[in-house]
Structures are given as structure tokens and as C-alpha cells.
Amino acid sequence: MVFGCDSRDVSGFKFFLFLAVVYGVMSFLAYSAIHTKFVKPLDLDAPLNRFSEARAVEHVRVLSQEIDGRQEGRPGLSEAAEYIKTQLEMIKKKAGSNMKIEIEETVVNGSFNMIFLTRSISLGYRNHTNIVMRISSANSQENDPSVLVNGHFDSPLGSPGAGDCGSCVASMLEVARLTVDSGWVPPRPIIFLFNGAEELFMLGSHGFMKTHKWHNSIGASINIEASGTGGLDLVCQSGPSSWPSQVYAQSAIYPMGNSAAQDVFPVIPGDTDYRIFSQDYGNIPGLDIIFLIGGVYYHTSYDTVDRLLPGSLQVRGENLFSILKAFCNSSELRNAHERESIESTAYGNKDERDVFFDFLTLFMVLYSRNTSMVLHRIPIIIFVAVPFFLRLPNSGLRSWFATSNDFLKGTLFHAAGVILAIIVPITFSILRLLFSTYAMNWFAHPYLAFMMFIPCSLAGLLIPRVVWSRFPLSQDATVLKTSKEDLSDEARFWGAFGYYALFTMAYLVAGLSGGFLTFMLSAAMLPAWIFYRLSIKLYGHQSIRATISYMVPLIPCLTYAVYFCGFLVIFLIEKMSMMGAVPLPYGYYVQDVVVAAIIGLVIGVCVGPLIPVCGHWLARSSVLQFLLHLSVLALALSSQFFPYSTAAPKRVIFQHTFITRDANQVVDSSYDFSVVDSNSLLFVFKHATEVAKQLNIDSQFSLETANMSQQENWLALFPVSFLFTRSLKFPARSDEILKQYKYFPHLSNYMPFTTSDDGCRKVYLNLSLGSLQEVWVAVVNITGPLSNWSFADNKLPPPETLNGGPPSYILRLSGSSPENWTFWLEANSSEHLRMDVAVLDQVLVDEAKKLKGLFPNWIDVTAYSSFISRYLF
């Protein structure tokens, strides 16, 4: 006995320490792969026939530091376009006579309907700039099948956009230079599209696909994006057809991607230009490749060049150049006319998607959907068949039924462990929040999430084994002439195997592509079990050697599970600051509960396969108590950490709202604030004391007595505004804006309305943006008997219902121009059309600038002015 522990407890703790070391090594390998630690970036004087990260970073530095703001409506966007054109012209001058390079600056205009963030919306745009470069052989033709590489050079509100998407532009410029300097003449044309309006809901790519002369020549597209500042450059979407993922798997130098991302991507707030090229307008086989680490800086003022993760651009550049070569050399590359006229077996069904995943960026495993239909059924077939082969030939039907019953009980026991592995950390997270002053303390310190939730999750996973140390067998050991220990081990193993087999089958039935992980786990468990049974004969049940012989065949699969699940946890933790706020009181718990649940699920995947055998050592009440005590200690310590920092800022939306009338009157003015995570504005004002003082917030301030900012006040950000809740408003002065602008946005008739024979009334309207200097977007909410309009080819989008009100049609207008917007609306009755107009201007008055400057540096404030007016026609 040592400190109240017997020899079995000591053995359990020794084995636990051994497991901790093993998983520590696997976690280190996974972390290195996720953060591209294994790649050495090339510097500025690297050979010209190699992609250089340092040269690409220099482009990012110019775009995000020297140019002041690349947002629509700001001068920096035109400066960025000019810089890109200059760089492309320099590349063109170096091209040989065997290469043809064409550079165009195109201005796009258009209108279309779309669903974004589950909301219906119509988009009208004008004067957005695209820069297009086409590199081809000297004898190429206009309609030759080409490969498109797309990246956007505009940036989101308030952000320098180094990662999103200066890094994309920089990669494309360096790859274009490399194409010329390497002497490689593409056998098929390559089109580099630097589009200037992605942040406004993919307008630049839409304009290209609807109006550019080369759009029908595109046979494959590669969209590069950034939802962070580097790390894994993951293939998040691929298709239509399986061809793009096959090309990627064969050619990527550092393959990064898995088909499970396509299952998850639709539920994440946001979208990319891939949607325009491969889904909505082009049906072009393509890849959507996105930086996903460093998401804490995404769409914030901290998205700067110094935040880019070293090695990330090197990986992207080398991969991109290699993939381009593969697409250009592929016999499957076809232009739009050829795709329509030729029935190609290579493309197959549009909805067919390969199953693929990379192993720590070293290599990629890929197999077809049809292959997965066979492979992913095998584990469940084995699970059903094993009792028959084990018992029926020698012991009869009753023994087979008892064995099947034990295996099903084993599955339920394992499922109970995984469920408890999720429930226990959720419970701990809720308990912590009941005694803590703020949520999400793990956000600025991600290791805290692992410290808090992994021990209690492990405890939950072990609880069934501790409670039922003796498995309730249905089989009679004396009849089978074997030991109860053997039968219990058998039931536990095949029960766990059946659990993962069932999940693999569920993925398959649901038509999802992420079942490869549970398939791998179940497949790896089979040789592990064989090795274990052979080792028992040599060393016995109580031997650590037998247990290790079970673990060794599982190590590669578990390493991948740690890599896959580790990335998932890191990605979600970083995104929790922008996933939207849920109304209190439940909203206070949401982000913590989600992270706790995900970590519990991850433990079930990464550790669960070991429990049937290794649980023999770990399922000790002393080990369970130790894990729970460790969790309590971690929870107590975590409460001392502040949830935010400059390396992980809190996001606050600050809107200076002006209610205007008659183009030159301000009826009301307010400061409106909102947040997009669990810690409410009360938390913000408690810790941002200078701001609270300026807004006259005292210690008695509460959400119940505060003035709430209603959803209609945030019309300028529709539909992103639906991520906000419990927004607040405070009175503000309006005299400064009257000095700054002579005229405000105003909607008026430019000619009398007309009435058709069927009684429809057509209203002709003129929208002036007044004297505003840096307009990002104008949003119009039309309520009433609208039957037609001049936008989107005279097609109305499905109506939206805002806060239980009448059906509305939402229109977003963007694009700088000295001319007013002119359009018509048609009403099918004499009832008035009510129109609410919100115009977002990026210029703040001095008083608002001062207020923004009072926020501490751990808060990232997206600030702008919104001019709102209402009309009846």
C-alpha cells in the first residue's frame, strides 16, 4: 500500500502515466502538422524557380500595411487593384516568346438572388473591379479549356485583411511569377482572377461568371480563401464530381484535406466564391482551399502581417503550383461546352463525392463513394457475423443468441461511456459558470479547455467500467469451457467495435463523407484484438505486455484521430468568439457547453478504442477520483484567467446610428452596441470602465432596465445581424454629423407612378447616397404588396419575416458611383409599399472615434455609421 493505494492502483497510475506520454507524443506530432511547424519557409533570395514565402509576405505587407484599408468604398481598394496590376505587368515583361500573357481590369455590374446564412436576399452591384491575368502558350486559343485560380483583394470592415485575403493575393502573385520564371509553359491556359468584391457576398466572382469572355473556357477552378492566418490549408469543398479531389490527392506536396469538412461546411456561418463557380452559376469542377488556423484574428483589426503563421504560405504556394500543373495536364479538363456535350464517366454523378483524408499532411488516402459503400459496410457485417462464427458451429443457437446479447450489451456499455464522456464535462462547465464571473476563459488560453475537460471526460468514459467491474454476462462460461474474464473481455471489445461500426454505417446511410474516421478505428481494432489474444496466451490477462500488444497496432489510427480531432477542437475554440450570441440566461452557457461537449466527443474517439482492454488498468476508483480532482483543480485555476487578450480579442460591434428625414435632417442619433459570444455587453462595460463612464453607465446598470437596440436598427448588416442578441443603445449627439455631411441618403420618385391594365402599380425610385464618403453597402427592406422589381432579372427572392412582422424583401446595393441608384418596384394593389433604407458609412464623427478609442486593446471594435430612413410609396 502506498498513500492508501494497493498494488493494482499503483499499476493503474503507472499505466495512466504511460498513456499520458503516448498521447503527449501524438499531440505534439498533430500540433506540428496543424501549425505547419515542419515546413521551412524560403527567404527573399530563394531561387527564382521556387516559391518563396518571404516574397509572398512582402506582397501581404504592402496590401495590409502600406495600403490603408481595402474595403469597398475606401480609396485603398483602388490602390490595391493598382498594385496588383503593376506586379502583373512586371511579370508579363519577363515572359518569353513561347508564352502569351493577357492582363485585364474589368468593371462588373449585376444583380441576383441568393440564400445567405439561411436568409433570403437580393444583391445589386455596380463598378466593382476585377483584375484578370491569363497565362497560356503562344499558340493557345480563346476557347481552350483553362484552369481558374481565384482570390479576393477586398477586405472586411475594420480589418487590414492580411490573412483574409491578402495572403491569397500574395500566393497568386508569387505563383504567377513562378510560372513565368520557372520556364514552365502551361499546356492549358491559367486564369488568375483577383476579384475585388468577395466580402460583399461574392459579387466579384458572380460578375466574372456572368460577363467575362473567358468564363465558359474554365474547366477547373481553385478558390483560395482564409478564415484565419495560416496553419492547415484545408480542402473544405470539392466538386462537383470526384475528379478535383483525385487531382489534389495525386499532386499536392503537402496534402491537407478531408471529406468530412464538406459535411460540416454548410453549418458554419459564411460562404466562399467556390459556391459561385461550382454550385450556383458555373457547375465547374473545383476545390475550395482555406486557411483555418488563427481564426481568432479573422475579420478583426488584428489580422495583420505579423500574425501569419510561418510556413503556411510556403505550403500553400508549393501545393498550388503543383496542383495547377496537374489540372493543366489532365485529360479531363474540359470547357463548359465540352462538359455539356460529352457524357464523361470521369465526372459521373454530380453528387458523387470521394472519401478522402490526409495523414498528418504526409500523404492522402482517397477512395470513391462506390468503394466506401462496400468498405464502410464491412465493420457492421463483421459485428453481426462474429457471434455466429464463434458459437453456432459448436455450441448451438442458444449460445449464439447469448453471445449476440453480450455483444449488444458491450455496445451499450461503450455508448454509455462515450455519452458520459460528453455529459460529465458539460456538467463541470455549467457548475464552473455558476460560480464564475465570466464565460469562455479558455478562449485566450486554449490549453485551459483541455486541462478542464479532458480529465473529467476520461472519468466519464471509465465510469461504466468502474461501476460494472464484472460484466453481466448472458453466456455460461462452464458450458463454453472458458473463463468469465475471457468472455467479459470479448464482450467489451466486440461491443466497442460494434459502436464504431454502427457510426460508420450511420454516416453511410446519411450520405455523408466523414465515416472514414470511425471506419479506420473499427478496422484498426481487429488486428489489435488478434495481437492481444495471442499475447494473452504468452503473458496472461494481467500482463502489461498483452495490453501494449493491443495498443501498438492502434497507434497510427489513434495518431490520426488526435490530429483530426485536435484540429477540430482548435478550430472551434477559435471560432467561438463569432458564432453568435444566444439570449440570456442560456446564452451565457452555450459556448462553454459546446466546447465541453466537443472535447468529450473527441475523447470518445481518441481514447475510446483503448477502453475495452486498457480499461482493465484504468478502471480503478482511485484513478477516477484522481481525474475528478484534477478537473476540479483545473476548473478552479481556470477561473483566474481572463477570457480575452490582444492575441484573442473579444469582438464588439459599434454602430453610430442616425435616423434621418428629407435628406438633410437628423431625427435621432444613438450609439448601438452588440456582441457575438457568451459574454454580454454587461461584461464589456464592467471591464471597459472608460467606455462605461463616457456612456454614463453606473453600478446599477442592467439589461432589464437598459434601452435595447432592436433588430431593425441593424438592417445595414443584414443578415449577419441575426447573430446578434441583447444589443443595447445609448443616446448620442447629432450636431457633428450635420457639420460633416450636407446631405444624407434619401429615396424619392424620379417620375410619377404608372398603373397597368391589371391594376398593378409601378413606382419609379431614385436612391441618393447623399454626401457620404465611404459607403460600404446600402440595404433596403421592402414591405407590402411587392409583385415585381427591376433587380435580379425581375425575380423576387422568397420573402423574409423579421421579428414576426409582415413579409419583407431585402435588397443589398453596393458599388461606388457618382450616379444615384434608379430602379422600379411593382405593387399588385393600392396598398403602400413601406421601405426602410440603411446605408453603412465607414466614416465616424470625432466623438464616435473618441469613444471607440476608449475600449481596451483586448476588444476589437468594428465601428461604422448607419443612416436609417423610412418611406411610403
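Residue 1 is the first one shown; counting continues down the chain.
Cβ atoms are placed via backbone N, Cα and C, with glycine included.
The transmembrane segment annotation in TrEMBL covers 15-34 (among others). Cβ atoms under 8 Å from those of the transmembrane segment (15-34) belong to residues 231-232, 293, 360-361, 544, 547, 551, 555, 558-559, 562-563, 566-567, 570, 606-607, 610, 614, 617-618, 623, 626 of the same chain, restricted to positions at least 6 beyond its ends.
The feature domain 'Peptidase M28' is assigned by TrEMBL to 130-321.
Sequence-distant contacts of the transmembrane segment (374-392) (same chain, six or more residues past either end, CB-CB distance under 8 Å): 367, 399-400, 402-404, 407, 480, 494, 497-498, 500-502, 504-505, 507-508, 515, 519, 522-523, 526. If you look up TrEMBL, you'll see 374-392 (among others) marked as transmembrane segment.
The transmembrane segment annotation in TrEMBL covers 412-435 (among others).
Per TrEMBL, transmembrane segment is recorded for 447-468 (among others).
What TrEMBL lists as transmembrane segment is 497-530 (among others).
The annotation transmembrane segment is assigned in TrEMBL to 550-573 (among others).
Positions annotated as transmembrane segment by TrEMBL: 593-611 (among others).
What TrEMBL records for 623-642 (among others) is transmembrane segment.
Across the domain 'Endoplasmic reticulum metallopeptidase 1-like C-terminal' (648-871), the prediction's mean pLDDT works out to 94. Annotation source TrEMBL lists domain 'Endoplasmic reticulum metallopeptidase 1-like C-terminal' at 648-871.
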When counting Cβ pairs under 8 Å to the transmembrane segment (623-642), the leader among 412-435, 447-468, 497-530, 550-573: 447-468
Folded-back contacts onto the transmembrane segment (412-435), same chain, C-beta under 8 angstroms, at least six residues removed: 452-453, 456-465, 468, 471, 492, 495-496, 498-499, 588-589, 592-593, 595-597, 599-601, 603-604, 608, 611-612, 631, 635, 638-639
